[in-house]
Amino acid sequence: MSAPPSTVIQPRHHTPPSELNKQQDLTLHHTNSNDYKPSLCLRIRERVVKIEEEASRHRKNENDNEKRELVFKEDGQEYAQVIKMLGNGRLEAKCFDGPLRLAHIRGKLRKKVWINQGDIILLSLREYQDGKGDVLMKYSADEARSLKAYGELPENAKINETDTYADEGNEGIGFEFDEERSGSDESDVDIEDI
């Protein structure tokens, strides 16, 4: 059984887009009216998709520079500064009311708001666990300075600094060097003796 000559179907060979040349840019498709019409080539389609992707990237961060309303703490909330990132959406924060608390980054902020060591955050305190809390929001450096100006944050709060709450009394302690040793003792050691 053979098809009429006007509807003969030719096998199409697939060539990857990288191997297309200028002659293959316009592909011809057979229609019922025996007319051949050029269709949109693969390269043009790829270019349109690329332009749309670039436009979406530009729109992605358009709200970053807008100023938002400053949020103050309420009952059951406390300002804190991030001391250490623990991973898995958890961090260690020093609350400005005194204690060190383990905080959990809630799902709304995960992968959207990046929290780093030294950032000022707003914690929701847990009534049933005093040592734990949940991160409600992260303040930008400008917002943290505004909170400090309003008197919400204490004067000793360090903004934009990673060495937060260093032990003031123990700044010199860390390593003790034995000054009785001299450099000549080390040169007397023979490698064969080791």
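Positions of Cβ are set from backbone N, Cα and C atoms, glycine also.
Computed from a predicted structure; not experimentally measured.
From the options 1-23, 24-46, the stretch TrEMBL describes as region 'Disordered' is 1-23. Averaged across the domain 'S1-like' (66-140), pLDDT in this predicted model comes to 91.
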